Amino acid sequence: MADPAVGAPAGMLIELTHRCPLHCPYCSNPLELVRREAELTCEQWTDILTQARELGVVQMHFSGGEPLARPDLPDLVGHARRLGAYVNLVTSGVGLTAERAHDLARRGVDHVQLSLQDADPAAGQAIAGARVHTAKLEAARAVTAAGLPLTVNIVLHRGNIDRTGRMVDLAVDLGADRIELANTQYYGWGLRNRAALMPTAAQLAAAREAVRHARTRYAGGPELVYVAADYYDDRPKPCMDGWGSTQLTVTPAGDVLPCPAAYAITTLPVENALRRPLSEIWYASRSFNAYRGTGWMREPCRTCPERHADHGGCRCQAFQLTGDAAATDPACGLSPHRSLVDAALAEVTDGPVPAFVPRGPVPA
């Protein structure tokens with residue numbers, strides 16, 4: 001049953017494809033990727049974008065995988081612009097030439113988020129699994145030359161976190177208007193590589209100090225956002241600002257999710273935009289209503305004074321670690337399952353770091 005208190009979604013993450021030129025070990029896409037032949041057609045995506053705008057979506061985030069792998073990306077961007085949506089492109093930058101950047105700006109892209117693996121070219125390419133560092137720098141310059149605002153997204157992990165300050169410096173040099181430093185979120189392939197990616201407490205402390213210095217050094221410059229490592233905190237992150245409250249995700253095959261990692265919760269039914277209207281999925285589906293509000297909560301969340309701020313933490317993380325999506329997020333110090341997180345932290349030492357398993361390509 002639909003909750004009459006639920007408002008319209010503000011944003012939609014549009015995962016056009018799982019195909020990607022990179023092989024990052026912290027990839028948050030599902031372990032089982034959507035094959036090219038199972039991807040939605042341009043016509044199907046056009047209909048979904050139209051439905052989303054009618055539903056109330058005002059921000060459309062084109063992502064993947066790598067959205068530039070879709071030759072119909074410019075047409076879909078143009079359709080989103082004609083619908084009146086704010087268009088954001090989330091990209092690795094591989095293949096984003098000056099010509100393509102100008103064309104996408106002309107078609108309707110309002111903003112670009114570009115991933116950067118490291119300030120050190122060799123280290124960054126080792127994580128990306130491809131020789132792409134120079135291409136990324138050229139893509140960043142193409143974005144700013146096209147007159148588009150640029151956000152540089154940097155995922156922090158054990159292998160690059162000691163260069164936090166250098167990565168901020170590089171992003172500033174590239175003309176970034178916004179820099180997001182996000183500690184690795186352990187979903188999908190990232191959870192598989194957790195032991196190799198988890199930084200030490202000392203590394204995190206040094207990174208926070210580097211961010212503090214950068215904010216002082218670049219005061220009045222680009223916005224600098226730091227996303228904390230929730231495993232080391234005693235309170236969970238307010239994931240998605242609440243389940244099914246402001247955002248939805250559509251996968252390459254048309255599955256509609258309350259958050260990008262909700263594929264991990266195998267106990268929930270999977271809704272698909274080819275089988276049910278987007279408005280019905282948002283307002284009336286069991287998957288979207290399962291963890292809205294606070295009625296689903298158990299103790300200690302049910303009576304916690306922070307329940308309206310942190311929403312009980314991340315449902316996907318709770319399921320992946322406990323097998324119960326309604327459990328208190330184990331990252332919370334009050335969770336009866338906090339020992340699961342503490343055990344993972346206990347494995348992080350100053351000794352040898354296990355090798356990570358690179359993300360494989362979409363099967364042919």
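In case you wondered, yes, glycine gets a Cβ from its N, Cα and C as well.
The [4Fe-4S] cluster binding site feature in Swiss-Prot is assigned to C20, C24, C27. Around the Cβ of C24 ([4Fe-4S] cluster binding site), 24 further Cβ atoms fall within 10 Å across all displayed protein chains.
Summarising the annotation, Swiss-Prot assigns domain 'Radical SAM core' to 6-222.
In sequence order, L22, H23, Y26, N29, G65, W189, R359 are the same-chain residues whose CB sits within 8 A of the CB centroid of C20, C24, C27, the residues recorded for [4Fe-4S] cluster being left out. Less than 8 angstroms from the CB of C20 ([4Fe-4S] cluster binding site) sit C27, G64, G65, E66, A69, S92, R359, P361, V362, each of them six or more residues away in the same chain. According to DSSP, C20 ([4Fe-4S] cluster binding site) sits in a coil region rather than a helix or strand. Mean pLDDT of the predicted structure over the domain 'Radical SAM core' (6-222): 97.
In the three-state DSSP scheme, C27 ([4Fe-4S] cluster binding site) is classed as coil.
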